[in-house]
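Here's what TrEMBL has on this protein:
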- LYS373: ATP binding site (BINDING)
- 30-133: domain 'Gnk2-homologous' (DOMAIN)
- 143-253: domain 'Gnk2-homologous' (DOMAIN)
- 344-657: domain 'Protein kinase' (DOMAIN)
- 672-699: region 'Disordered' (REGION)
- 1-20: signal peptide (SIGNAL)
- 274-299: transmembrane segment (TRANSMEM)
Amino acid sequence: MAALQHFLFLLLILLCLVGAAVVVDGLVYSPIFPNCSTTGNFTNDSPYLGNLVRLMSQLPPSAIANGGFYSTTAGEPPSKVFALTMCYADRNWTECQNCLRDAMFYAHQVCPFSREVRACYRACVFRYSSRSFFSVADLTLAFNVYKGVGKAYEVSDIASMNSTRLKLMSQLAEQAAGSSRLRLANGSQPYTDSQGRSQVMYGLAQCTRDLNASECTRCLTTFVAMLWPSHPNGTYGAVKGYSCYVVYSVGEALNITIPPEIAVPSSGARAPSMGLLVGVPVSSVLLIICTAILVRFLLRSRRPTAREHELVCDDETLEDEFETAGTAPRRFLYSDLAVATNFFSDKEKLGQGGFGSVYRGYLKDMDLHVAIKRVSKGSQQGRKEYISEVKIISRLRHRNLVQLIGWCHGGGELLLVYELLPNGSLDTHIHNQNNVMSWELRYYILNNQSVAHAMPLFIAPSIYYSIRIYTVCRHEIVLGIGSALQYLHQEWEQCVLHRDIKLSNIMLDPSFHAKLGDFGLARLVDHERQSHTTALAGTMGYMDPHCMLTGSASTATDVFSFGVVVLEVVCGRRPVVGVQDSEEFATMHLVQWVWEYYGRGQILDAADARLNGDFDSDEVERVMVTGLWCAHPDRTVRPSIRQAVNVLRYEAPLPNLPEKMPVALFMPPVGSPSESHAGTSSGGTTGSSIVMETSTLLR
């Protein structure tokens with residue numbers, strides 16, 4: 001909360017200083033070339049943040065008043081902050097001022113908690129650090145800027161252009177370094193190309209004004225030398241760095257805006273304009289208001305509210321629990337995960353769930369591609385799920401469970417880091433209308449038989465769906481999940497109730513091994529007990545009717561969900577099926593729909609019609625009957641997950657099920673839960689006089 005509060009405060013100061021400024025072009029004010037430190041970052045209660053806050057309130061107006069450049073410091077070592085900002089002279093003055101005002105806000109947004117930030121924008125450059133960088137040219141990074149590609153942006157006479165460019169830019173570099181104050185120079189050079197056409201080249205060389213002549217020369221000559229290999233035949237080219245800038249253009253003049261000189265008042269000076277008379281008092285008032293707000297917020301931050309105190313203490317408790325458990329997953333810094341996901345860019349978003357979004361990321365220090373779940377801020381249920389995930393899945397080890405790599409909490413963010421499974425979730429394949437997943441692949445996924453020798457690790461969806469996968473034994477996505485569930489229910493030190501088994505929580509690795517994930521609703525119980533009474537949780541269509549009435553989750557609850565998943569994989573239909581009843585369109589549960597086919601002796605007709613009968617009839621029947629058995633309305637008749645797996649492995653005979661789906665009667669206890677979570681709705685009622693049939697809940 002403290003980091004979030006400081007961030008909001010920084011934004012508030014910027015808004016105060018800017019007034020009613022509007023960002024009209026995100027490309028201008030978003031960092032084109034950000035560079036953020038990832039080690040030794042400051043925390044939300046660090047004095048470094050306080051010093052940075054002061055700089056953010058001082059730097060923009062000072063740079064604007066000083067003609068587009070300003071450098072300053074705040075605080076004392078080791079929390080001292082050094083900062084600098086400057087406008088590029090080929091941008092107009094309005095664009096320059098807007099960039100100066102917004103640069104720090106965007107840099108802080110892109111590089112949260114970094115002690116050193118360097119950012120080039122289209123209109124300005126901004127940087128700050130815990131170490132002094134003044135008076136020394138920074139040549140560590142340089143960025144090439146192009147105006148366009150193609151013949152329209154190329155010259156025909158490369159030799160004449162390059163000789164003219166070297167001459168012009170070398171002269172401008174010398175002039176800029178010799179300038180006593182502005183450290184910039186611009187000019188033009190006419191020349192005639194090999195075809196006799198008259199051309200004009202325009203150029204600009206500029207250094208940050210903290211550099212002396214020798215450092216400015218060193219920077220500019222380095223960048224001028226980079227123009228030839230980077231822009232061999234372009235009509236426009238620029239090289240930007242954190243200490244200097246060179247740009248040239250053939251034919252089109254550069255729009256040079258020389259920063260206004262700061263005049264020294266004298267007795268004979270002209271009276272200030274009305275804009276200045278009005279602007280100075282208004283700016284002063286805004287600065288006073290912002291300072292007052294700063295003091296108030298800093299004082300309040302020392303006295304957190306009861307709610308804030310609760311969250312802070314809870315985070316500290318979580319940290320103790322997680323890190324003393326000796327678990328393999330590690331805690332990550334928020335800045336590392338932000339960089340890994342390109343600062344949670346929409347381009348990296350893999351999906352959106354009920355309590356957050358999932359992003360693709362790359363951890364450079366681990367050389368690992370990961371999926372990062374960002375829990376929605378302010379979601380108490382999401383917070384509970386975060387705690388459950390870290391405390392439970394971090395201790396589980398099974399090849400058919402999604403691996404938790406690490407986690408991050410604090411600063412108002414809850415992040416979970418998982419292994420990245422490139423083939424996505426099972427539902428995106430089963431319900432893909434453009435490509436039909438073959439039965440062999442479905443059966444393989446259910447049974448998790450390795451087929452690395454039968455198919456490449458990465459193949460296009462349009463190709464792998466048509467591949468016939470013949471292996472000696474193909475019956476381990478059903479047995480894969482069955483194996484994971486058997487581990488959770490019977491083989492781990494405690495019984496784990498998943499409570500949200502569904503296709504979208506089953507992920508596929510490069511070899512199409514099925515992996516069960518999302519343990520946000522999971523609960524631990526003793527093996528002797530194997531049940532847990534709580535508020536409803538899960539997803540409608542996959543929830544056990546008995547659990548919906550009583551709120552009592554057990555291993556039988558997970559087995560029911562497993563049965564629905566099995567039928568969904570075979571039939572290619574979602575848990576709620578649309579049927580034509582006389583002249584009306586009605587819906588029924590997938591279990592009831594398949595059971596009707598089973599009762600007529602036509603269960604194979606319930607298989608996905610898109611398969612065109614291209615499957616092993618014995619396999620399909622065995623899987624579907626096992627699915628019905630697991631989803632039996634009477635939980636006392638359902639198998640354990642071990643019994644179901646044995647049938648799928650041909651180690652036990654098929655069960656004898658009645659032709660008509662049984663109707664189980666339940667007597668909900670007094671006070672049965674009526675609240676629902678995770679997008680579910682409760683079918684519970686109160687009072688012991690009400691009897692509900694299973695068929696009613698399944699419709």
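Easy rule for this one: first residue shown is 1, then count along the chain.
For all residues, glycine too, the Cβ spot is worked out from N, Cα and C.
No curator has checked TrEMBL annotations; they are predicted automatically.
Sorting each residue of the domain 'Gnk2-homologous' (143-253) by its DSSP state yields 42 helix, 36 strand, 33 coil. Cβ-based neighbour count (10 Å, all protein chains) for LYS373 (ATP binding site) stands at 25.
Over the domain 'Protein kinase' (344-657) the predicted model carries a mean pLDDT of 80.
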